[in-house]
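Since the structure comes first, as structure tokens, the remarks are kept for the end.
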Amino acid sequence: VHDARHGTDLPGHKVRGEGDKPGKDATVNRAYAGLGATFELLLKAYQRDSIDGDGLPLNATVHYDREYNNAFWNGEQMVFGDGDGEIFLDFTIPIDVIGHELVHGVTQYTANLTYFGQPGALNESVSDVFGSLIKQYTLGQTAAEADWLIGAGLLAPRVTGKALRSMKEPGTAYDDDVLGKDPQPATMDDFVRTGRDNGGVHINSGIPNHAFYLAATALGGHAWERAGLIWYDVLTGGELKEQAMFADFATLTVKAARERFGDGEELEAVSKAWERVGVRTL
């Protein structure tokens, strides 16, 4: 973990290495814990050695720029802003946001989904799915116990909202004078056609997000074990094309469920989930 000291040069000054004891900076400690939790889920649940599957060292820079309202994966490392304190707090607070950004790295090394339109919304959704699973894994939660929110704890106290996104109820995460209302649809009936946000990648991701939520809660237990494994198989299996649409992804999850678990409840849960959000499997 590095400290940019409110500058923009990356990676910045190294402040905590692998195995080092926690220091006084809570932001550094949270970033370190988030990197570790992501690494652990990938290894323990999916036998994947880091983001690239080949032991890539995980690096993060905190205190990037001044009052910077974002966190991102730049293709090589994680970067976290401190937030402006008005709308957003420190971006290391929600562990699912840390996981979300790191999983963009996994996608980069695997399916490399194009960051526009439906493939871009799938790219965003995959990061939300595994970001949520990292949080659930860390907290030891079942699908029924999880809150299925992305970024809880990130919004400043004056903002009317609970998180950035809800996988359980897309469109309900916030409704605020400054931020506006959460624009996410839960089903294809409300699919948003727009040129903004790379064709609505952070908006329409609500649809595949909700499908995963439905499949995971139908199956119960730990979501990373069955539903998560099916999604992981699709992401890393080599058949998911860079330009994949929702229907392509859905079809591959049905195939993966059958290949891994046979014609059982997993297949049924996944098929029904896509049906309920209005995505036809081919």
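Any Cβ shown, glycine's included, is placed from N, Cα and C.
It should be emphasised that the depicted structure is a prediction, and the values quoted were computed from it without experimental measurement.
Copied from TrEMBL, the annotated features are:
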- 1-24: region 'Disordered' (REGION)
- 30-108: domain 'Peptidase M4' (DOMAIN)
- GLU101: active site (ACT_SITE)
- 111-279: domain 'Peptidase M4 C-terminal' (DOMAIN)
- HIS202: active site, proton donor (ACT_SITE)
Intrachain neighbours beyond the region 'Disordered' (1-24), with Cβ under 8 angstroms and 6 or more residues off its ends: 31-32, 35, 57, 59-66, 74, 77, 79, 82
Rounded Cα-Cα span from HIS202 (active site, proton donor) to GLU101 (active site), Å: 13
Summary of DSSP states over the region 'Disordered' (1-24), given as helix, strand and coil counts: 0 helix, 4 strand, 20 coil
Composition by DSSP (helix, strand, coil) of residues within the domain 'Peptidase M4' (30-108): 31 helix, 10 strand, 38 coil
